[in-house]
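*Asks:* Quick one: the structure is below, questions incoming.
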Amino acid sequence: MKFALVTLALAATVAAEVYFKETFDDNTWEERWIQSKHKDDYGEFKLSAGKFYGDEKRDQGIKTSQDAKFYSRAAKFEKDFSNAGKTVVIQYTVKHEQGIDCGGGYVKVMAADANLEDFHGETPYNLMFGPDICGPTKKVHVIFSYKGKNHLIKKDIRCKDDVLTHLYTLILNPDNTYEVQIDGEKVESGDLESDWDMLPAKTIKDPDAKKPEDWDEREYIDDEADTKPADWEQPEHIADKDAKKPEDWDDEMDGEWEPPMIDNPEYKGEWKPKQIKNPAYKGKWIHPDIENPEYTPDDQMYKYDSWGAIGFDLWQVKAGTIFNNVIVTDSIEEAKEHAAERFEPLREAEKEKKEAADKEEAAKLEAEEKKRKEEEEKKKSEEKEEDDDEEEEKEEKHDEL
């Protein structure tokens with residue numbers, strides 16, 4: 001039995017496949033990542049580890065380098081594959097070191113026959129995944145292509161908007177479920193049918209059903225036996241009987257004097273009969289549902305016959321985003337190991353160096369503020385001395401006179 005369990009474990013390990021992995025270790029990345037020629041003025045990606053890192057070679061990725069530009073580069077997988085019956089994990093790191101104000105940070109995963117030299121916004125893809133920020137909008141896109149149409153997730157997943165590196169992971173399972181992780185922590189999960197409008201609704205309102213004409217939805221009605229009291233009608237405002245005409249009032253000049261109006265304490269407002277329970281009340285009519293004849297369940301929603309390329313097709317107003325540690329695999333454990341090897345060391349080193357830099361900057365600002373105040377006090381003191389000298393000189397001249 002023990003031997004059988006070990007054999008199964010080994011088989012599971014062997015079965016795990018990594019279809020694509022990119023860590024941008026050197027300039028050879030440019031040979032693998034094809035620059036689109038769809039436009040003439042795409043922005044350039046350049047190798048950079050950014051301001052804060054641990055090991056420069058390990059932590060360097062490709063960085064958007066020009067403001068207000070489209071970026072479009074993509075790479076082919078070593079082999080085409082189908083995810084029929086298996087999990088697919090898409091994972092990579094994003095660092096918006098520039099403090100991005102408006103721009104994308106997502107990837108698009110495409111079929112093997114995608115023309116990468118013409119890769120652009122309308123190029124068909126299997127899925128699009130990752131952060132997108134513009135003003136107050138800060139979301140993680142999860143968009144699936146289904147029967148020729150791109151479908152956006154109905155849930156709102158907030159992305160990270162600081163200047164540090166973050167790990168984005170999408171897990172797509174063969175049971176039509178998914179999970180989105182940021183920095184290894186689950187931030188959203190569910191199933192494709194519920195969280196996307198890929199399929200028509202299971203039920204629809206019965207088009208032949210109509211509310212009966214005698215259906216009474218009024219829970220309370222007027223009490224017909226209730227009558228308005230005889231003394232109910234009173235004016236809302238009355239003349240102030242205590243007011244007196246001013247002594248200097250001139251009827252010829254000011255017109256006939258009238259006392260000001262005040263709220264009538266006897267005014268009771270509009271009379272309404274009291275409400276009683278409606279004996280004919282049937283409750284709110286609910287439009288009945290029927291099965292949607294256009295709905296057909298699909299247990300293959302997750303499946304794509306071809307996966308073969310991944311790319312960045314982005315617009316950024318303010319450049320400076322660094323992408324790295326891209327992996328496409330059918331193993332969640334493989335993705336976790338890759339993150340442990342690449343992302344975790346960077347995150348710790350980056351955090352430590354960022355905190356040190358922040359402290360240094362704060363100390364610098366504090367010193368500058370202290371210097372500014374000292375100079376301000378010195379200037380005030382000098383101006384006071386000058387004023388005192390002028391005053392003393394005036395007094396001396398006065399005494400001479």
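Every residue gets a Cβ built from N, Cα and C, even glycine.
Automated prediction, rather than curation, is the source of TrEMBL annotations.
Got these off TrEMBL a minute ago, pasting:
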BINDING   Y106, K108, Y125, D132, D313  alpha-D-glucoside binding site
COMPBIAS  226-247  compositional bias 'Basic and acidic residues'
COMPBIAS  339-383  compositional bias 'Basic and acidic residues'
COMPBIAS  384-394  compositional bias 'Acidic residues'
DISULFID  C102-C134  disulfide bond
REGION    221-255  region 'Disordered'
REGION    339-401  region 'Disordered'
SIGNAL    1-16  signal peptide
*Asks:* Where the record says Y106, K108, Y125, D132, D313 bind alpha-D-glucoside, what is the longest distance in Å from one Cα to another among those residues?
*Replies:* 17
*Asks:* Between the Cα atoms of C102 (disulfide bond) and D313 (alpha-D-glucoside binding site), what distance do you get, rounded to the nearest Å?
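*Replies:* Between the Cα atoms of C102 (disulfide bond) and D313 (alpha-D-glucoside binding site), the distance comes to 14 Å.
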*Asks:* For K108 (alpha-D-glucoside binding site), what is the tally of other C-beta atoms lying within 10 angstroms of its C-beta?
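*Replies:* Here the count is 26.
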*Asks:* Which residues of the same chain, at least 6 past either end of the compositional bias 'Basic and acidic residues' (339-383), have a Cβ under 8 Å from a Cβ in it?
*Replies:* 23, 51-55, 58-59, 91, 93, 163-165, 167, 169, 183-184, 324-325
*Asks:* Counting by DSSP secondary structure, give me helix, strand and coil numbers for the region 'Disordered' (221-255).
*Replies:* 4 helix, 5 strand, 26 coil
*Asks:* Rounded to a whole number, how many Å is the Cα of Y106 (alpha-D-glucoside binding site) away from the Cα of C134 (disulfide bond)?
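*Replies:* Cα to Cα, Y106 (alpha-D-glucoside binding site) and C134 (disulfide bond) are separated by 13 Å.
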*Asks:* Fill in the CA-CA distance, C134 (disulfide bond) to K108 (alpha-D-glucoside binding site), as an integer in Å.
*Replies:* 19
*Asks:* Using the Cβ centroid of Y106, K108, Y125, D132, D313 as the reference point for the alpha-D-glucoside site, which residues of the same chain not in that list have Cβ within 8 Å?
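*Replies:* Filtered neighbour residues, in order: G104, V107, M128, F129, G130, H141, I143, G311, F312, L314.
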*Asks:* Per DSSP, what is the residue tally for the compositional bias 'Basic and acidic residues' (339-383) in helix, strand and coil?
*Replies:* 45 helix, 0 strand, 0 coil
*Asks:* Per 10 Å Cβ neighbour count, which of the binding-site residues D132, D313 ranks highest?
*Replies:* D313
*Asks:* With DSSP as the yardstick, break the compositional bias 'Acidic residues' (384-394) down into helix, strand and coil residue counts.
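*Replies:* Reading the DSSP string over the compositional bias 'Acidic residues' (384-394) gives 11 helix, 0 strand, 0 coil.
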